[in-house]
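Below: the structure, in structure tokens.
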Amino acid sequence: MAAPLGNVPDDLTPASPDKSPDASTPTSLNTPDPLDTVAPLDTVAPLNKPALLNAPASPDAPPRARAGRRWTGALHSPLGITAAVLLLAVVVLAIVAPLIWQDRADAVNSTAILQGPSSAHLVGTDLLGRDIFARVLVATRLSVGLALLATAIGVTAGLLLGTAPVLLASSTGHWIGRWVSRWISAFINIAVAFPSLLLALFFAVIFGVGARGAVLAIGFATAPGFARLTQTMAAGISSRDFIAAARVAGIGRLRILVRHVLPNIAEPLVVSATMALGSALLSFASLSFLGLGVQAPSYDWGRLLGEGLAQIYVHPAGALAAGVAVVLAAMAFNLSGEAVARAIGVRTPHTSKQTRNKRTRTNERTRTTPGLDRLPAEHPDTEDTNQPLLAVDNLRVAFPTAAGEVTPVRGVSLTMRPGEAIGIVGESGSGKSLTALAIAQLIERPGHAQADRLEFLGTDLRDDARSRGGEQLRAGGGLSASERRRMLGTSLAMVFQDPMTSLNPTHRVGRQLAEVVREHQRADRRTAWRRAVDRLAAVRIPDAERRAKQLPHEFSGGMRQRAMIGMGVMANPKLIIADEPTTALDVTVQRQVLQLLANIRAAEDVGLLFISHDVTVVGQVCDRVLVMYAGRVVEDLPTGALLHDARHPYTRALVAAVPDMTTDRDAPLAVIPGRPPDPHDLPAGCPYATRCPLATEQCRREDPPLAWYGGGRRVACWHADLAPAAVPDNRATAVPDNRTTELDHGSTAVPDDEPAASLGGER
Ligand SMILES: Nc1ncnc2c1ncn2[C@@H]1O[C@H](COP(=O)(O)OP(=O)(O)OP(=O)(O)O)[C@@H](O)[C@H]1O
């Protein structure tokens, strides 16, 4: 049986607002610490809500109620009222005007030709004595209908063009996909350079004179602008951590687009579509006015404008009536777009039948459900204890530049055993994140990763392995691309730095967790949801059933990060890559997250690749530490040796630069002189030489290899023996390796009253 994930005492658990007894309890960790007396998590200032949530809403209100309030608020504003009245008028007229006034509009009266406004004819008559006002009203249906059709074509084409690069340009995609995507982007760039009316005229000539040609012309003229907007916003969203998390979870590109990207850009797209409708009305009027649109005997506002213009000096009201109609209808659509944008704010999660039935709150702690705990894992059998969990040899990550290529990761090698925790430390820009991203197959084009060996659970992850023939691939223990995706999705979890961007802001937290098992284990909705709630409880989210129905902004930062970890363990991973998971958190919450990761490791025997710039944090959770500098590993050592027995001058300087409780406060803080080299302009020899007190001519000439040193260490330094004397650490030797004192590693000493929430459940 898996050890329960119960090492975090209940008083560490952030209290939910409605659990008042917990709310007054100070947080505490397993060892006494002054930090233990800080306020509970939920007393921390609320985190940013999405800026467009206009109506104030109680955090506990169900999402549906909040959405309802936003719509009500938007509709009761002057903007909403004006938009609603105008839109209603346009819609009603489009439906009823031809039914009521068609005969009057078509009735020729040779005795009333070109009359001015009168009680019989409100805006006068035309050349055939027909009532202009009735004709304007009747023309509403055709004008609006054709504009709607053209907009629908434009929006659909724009969406397809705008999202195609997102779908096709993935680093994992085929070169044809990337090539097509580049051409589409180039086409959009050229097309948006032309005014849309000019494009419409151009297409009108191509498609021919008449209503059908005009609809197509305006539709295609609308598409590039819409495509550009979609492409820009989709690209922005695609770089967010929750998209990377979804990709790590193995969710397909189309599904990511539909479920994660489009909902997050829906609001500006809706506004833009309604604006496009207004523009289409004007464009249609223009084409018909020029004789390229609707042809006689049909008529729309553009044609009426054209007919009226000839008599504008005789009676201007007749010419202006159609113009006023165009302006009012365009205003109706534009204002409606604005009002809808305000009302939507953030797209409300749609409420499933299941959750509608479960709307009642429960404070009961979620129990693990037999059969839910361990859904069938997709990863290959890992019982072979000799097989490393992760084997990386000579990993390089490069990006093309104007001057050639830059290689920020230059030959990283590491081997991780199942259940091992390896930390990667180094200053900003040393290549830590890129190393992790390359392992998780998340390097985006035009960047590319190469390695002599990149194996996870015995599977070759390298790009060139993919392109090998099937037989060869299988012979090398390879999987097909989709098998590999599924294997990565279930066996590898990624936790990112910023918990705010790691979760999709438009989906309920529980739904996002459930998606992982829905995708990989084809679990039904109910099972997936129950497992999501179970995982949230396992990562100590209080009142998990209720919290699962909330949106990410309703969580505190620490809860969001724990929810991300919960998402990572939805599919029983074998490796968690945590890229600075605690940097954005305050120190108390940071310790909770570290404790949680330590517990998961112990309970599940999960490998952990922990990236941080903070050597002390890495020392608390890891067995081994890799120190990176300028894209290379310069030292690889056991955590126990980190504080006092590191052999690379850079590692020692990093440790010395972290003040602790024993640091002499009167002495100046230790700093590492100089700056890391620019990856675009690496010096010859050892890249640390310019900052190193031990640097010699040999260092400036030859880059030292990462060689075994003894004591289970690898060091890349010509003077490793001299480093301890040359770079003394500033820590009192009485301070023990705090790895075992600050975090309870793998202790299964769970308090008796701990609930039975566990990550693994029965095995
Ligand atoms: N897409 C990219 N294109 C070009 N260069 C990049 C790209 N991404 C990262 N780099 C460069 O690669 C180097 C290493 O970046 P990386 O993000 O791995 O550093 P890091 O050690 O994780 O730093 P930090 O701790 O600040 O996150 C940096 O110099 C960075 O500018």
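The backbone N, Cα and C atoms fix where each Cβ goes, glycine too.
Copied over from TrEMBL:
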| type | residues | note |
| --- | --- | --- |
| COMPBIAS | 22-31 | compositional bias 'Polar residues' |
| DOMAIN | 140-337 | domain 'ABC transmembrane type-1' |
| DOMAIN | 390-655 | domain 'ABC transporter' |
| REGION | 1-41 | region 'Disordered' |
| REGION | 347-386 | region 'Disordered' |
| REGION | 729-763 | region 'Disordered' |
| TRANSMEM | 79-101 | transmembrane segment |
| TRANSMEM | 146-171 | transmembrane segment |
| TRANSMEM | 183-207 | transmembrane segment |
| TRANSMEM | 213-230 | transmembrane segment |
| TRANSMEM | 269-292 | transmembrane segment |
| TRANSMEM | 312-333 | transmembrane segment |
Interface present between the transmembrane segment (312-333) and the transmembrane segment (79-101) (three or more C-beta pairs under 8 A): yes
Recorded stretches the transmembrane segment (213-230) and the transmembrane segment (312-333) touching, at least 3 CB pairs under 8 Å: no
Long-range neighbours of the transmembrane segment (146-171), counting only residues six or more past its ends (CB under 8 A): 177-178, 180-182, 184-185, 187-188, 211, 214-231, 234-235, 238, 253-254, 257, 261-262, 269, 273, 276-277, 280-281, 283-284, 293-294, 300, 441-445, 447-448
Other parts of the chain folded back onto the transmembrane segment (312-333), taken as Cβ under 8 Å at six or more residues beyond its ends: 83, 86-87, 89-90, 114-117, 123-126, 132-133, 136, 139-140, 143-144, 274-275, 277-279, 281-282, 285, 301-302, 304-305
